[in-house]
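Peer 1: One structure, as structure tokens, below. Some questions next.
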Ligand SMILES: Nc1ncnc2c1ncn2[C@@H]1O[C@H](COP(=O)(O)OP(=O)(O)OP(=O)(O)O)[C@@H](O)[C@H]1O
Ligand SMILES: [Zn+2]
Ligand SMILES: [Zn+2]
């Protein structure tokens, strides 16, 4: 009896985690494998959807008629057994749909895009045929979507049975090919062809010699033209004469920045480790060798040489014939680290991050999948890199919140890394100067193995930190972003030919327009937040939905002309700094100046080449930078993040200040740090000043304990949204009732409350936060709620479940 295939289908409005069963047509019987993408019919229309084959089952269990699979999209599986198992675990632990997890794990080009096609099936009135179809038989439905009259004419034709609207899945994954040539004749046959040539046909003569020299290989035509010094026309003649044939050759799109790399013969050698580094590397290596799925916490102060520990551990894993994965937060923000990995391991490194084009991403993925790349460096989603035989996984800056994805599936890369570590029996190394409270607490309990690098490599102490209270400064000198001590310090650096990094903390901060007469703040018409001023495009923009409008000249409420710009953007700070120090050369780095591809690296390079005295930027300059000539770091506003309605606000402020302070004095020159703040007595600022992670840790743990927050309690956030506020609120009340009935009495259920940003993208949001220690009923209850949200009662209400949320806003 024939086998049946189990397929997880992609139907956005009717999600379920149960696979559907399909017949396998005879023609596909030998070809179809688990992990392949297929196209299957769904529902009773002409709808085609994409799906993943996740298993086979015996036909005897099924009565009735099953639909057959229509097409296979892959020649070989895109998911192996590990990835399929991981996708299932992901769906289960993040309360998301299996199909969404499968897609998340694959490069964009392998994500199916369904589109609708309008097909003429019967003779049309001539007018319609020309107006709507321009004389063709099919058109993409998207061509009509914005034109209501065309749509209504189409609907009429559809009712009359003249046209049909089909769903089609397109396969977007194409390998890039270039033209290549292959000789068709043997050496002797080519020699014979030469005898029949006209004596003046020098070019063709050379072509024959060239074809003989490549001995039956396929060569990219452009390269052949260059090597043989022949024109394309000559190759065309050769093809006509039957000497060679043209064939497409698959090439990898290498990320642009990769082009400038040294070749594999000029790789950078390993450094001689200091004692603490050696101890760390030895312990990690032992775990790699013994195939122990242990988790290490590598806590090393800034500049202590953590990266060198990663690199030498990776080298060991490779020496054992295994592969390695290194995750960094927001890779585009840390080009220096990526380049260090590439300079050490050369062409066996693949890089995965969101800055790549879809084609580049797909090609890097294939290099990994085929085993050509053995080391992967990447941001969050690189944790799904299809490396086989993993020997080591590293998460640098493990405390970073960007490791958690803030849309479904809401996974944390740290947890996925640990899962893969267990699967491959490989250790996971979590590295940070300021570990998350969760990780440090686990290390204290012995769940993680602790490795410490308490000293800087250069044996210098950490740079002294001076805290400047901005309250008296402002009183004496009026509004300014720069205190006198900071200005003095920057100008000293310029005199000495040294460099400064100045950071403007933009977290929880915006540059908005407010009317001085009536207090009106310009807000986004779709969302509940103020619009941000962008000087480069001279517009007001919403950071949530992208809404954009001109800068107002008069107040929309009272028509006063005294509508002014408030808050501090990097541009405004730059202007002030240029006025205060006309001689200083400044590079500004923020989302606006780095939006163009490659600009981030370019600006950093300019700064590294000392083409500027000051690097002024947002949080993006806090991490990972290693410039030996930087001796001063200034933080313009340390406390803007402290007021956020979020229990991690202090932890994030402490982390940020510690990170950015660490950019100063990394080589032989002594560094200095100046922090400007309106809250000089806050413990996060005091402890950062004292470089005292432990004091901060215990103080913060105490507060978390009192308020029942992580790491003492686990949290889950549920959110519901709807264009009508009352509907969202009602859905949440219903969910709350259910939670109340099922969950353990010790479990704390907070809410429902409107979110801090209650309205976004024309929808109203309500949230419930669950805090629990152990609740055996929780998982099943949340699963049930997830399934219920797909039912009719929840029409248009979007519900999301976020385990261990990173933000509570
Ligand atoms: N064993 C060593 N001998 C000599 N130099 C070293 C050694 N280890 C690291 N370095 C150098 O010291 C500097 C700081 O090291 P590295 O950047 O690895 O520190 P880190 O702990 O990763 O820093 P951060 O967390 O602050 O980004 C680098 O320039 C690095 O090349
Ligand atoms: Zn908006
Ligand atoms: Zn006004």
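Counting begins at 1 with the first residue displayed.
Including glycine, each Cβ sits where the backbone N, Cα and C put it.
Per TrEMBL, the features are:
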- 287-453: domain 'Helicase ATP-binding' (DOMAIN)
- 515, 518, 555, 558: Zn(2+) 1 binding site (BINDING)
- 524, 527, 542, 545: Zn(2+) 2 binding site (BINDING)
- 550-704: domain 'Helicase C-terminal' (DOMAIN)
Peer 1: Which residue among the binding-site residues 515, 524, 542, 555, 558 has the fewest other Cβ atoms within 10 Å of its Cβ, if you could check?
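Peer 2: If we count Cβ atoms within 10 Å for the binding-site residues 515, 524, 542, 555, 558, the smallest count is at 558.
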Peer 1: How far is it from residue 558 (Zn(2+) 1 binding site) to residue 524 (Zn(2+) 2 binding site), counting Cα to Cα, in Å?
Peer 2: 18
Peer 1: For ligand 2, list the binding-site residues among 515, 518, 524, 542, 558 whose CB atom is within a distance below 6 Å of it, in sequence order.
Peer 2: 524, 542
Peer 1: For the recorded Zn(2+) 1 site, whose residues are 515, 518, 555, 558, find every other residue on that chain with a C-beta no more than 8 angstroms from the centre of their C-beta atoms, and list them by sequence position.
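Peer 2: Other same-chain residues near the Zn(2+) 1 site: 516, 517, 519, 520, 556, 557, 559, 560, 562, 563.
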Peer 1: Between residue 555 (Zn(2+) 1 binding site) and residue 524 (Zn(2+) 2 binding site), what is the CA-CA distance rounded to a whole number of Å?
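Peer 2: On Cα coordinates alone, these residues lie 15 Å apart.
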Peer 1: Near ligand 3, which of the binding-site residues show up if the criterion is a Cβ under 6 Å from one of its atoms? Options: 515, 518, 524, 555.
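Peer 2: What lies within reach of ligand 3, judged by Cβ under 6 Å, is 515, 518, 555.
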Peer 1: Is it possible to get the count of other C-beta atoms within 10 angstroms of the C-beta of residue 518 (Zn(2+) 1 binding site)?
Peer 2: 13
Peer 1: Using the alpha carbons only, what distance in Å do you get between residue 524 (Zn(2+) 2 binding site) and residue 518 (Zn(2+) 1 binding site) once rounded?
Peer 2: 18
Peer 1: Work out how many Å separate residue 515 (Zn(2+) 1 binding site) and residue 542 (Zn(2+) 2 binding site) at their Cα atoms, rounded off.
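Peer 2: That comes out at 18 Å between the alpha carbons.
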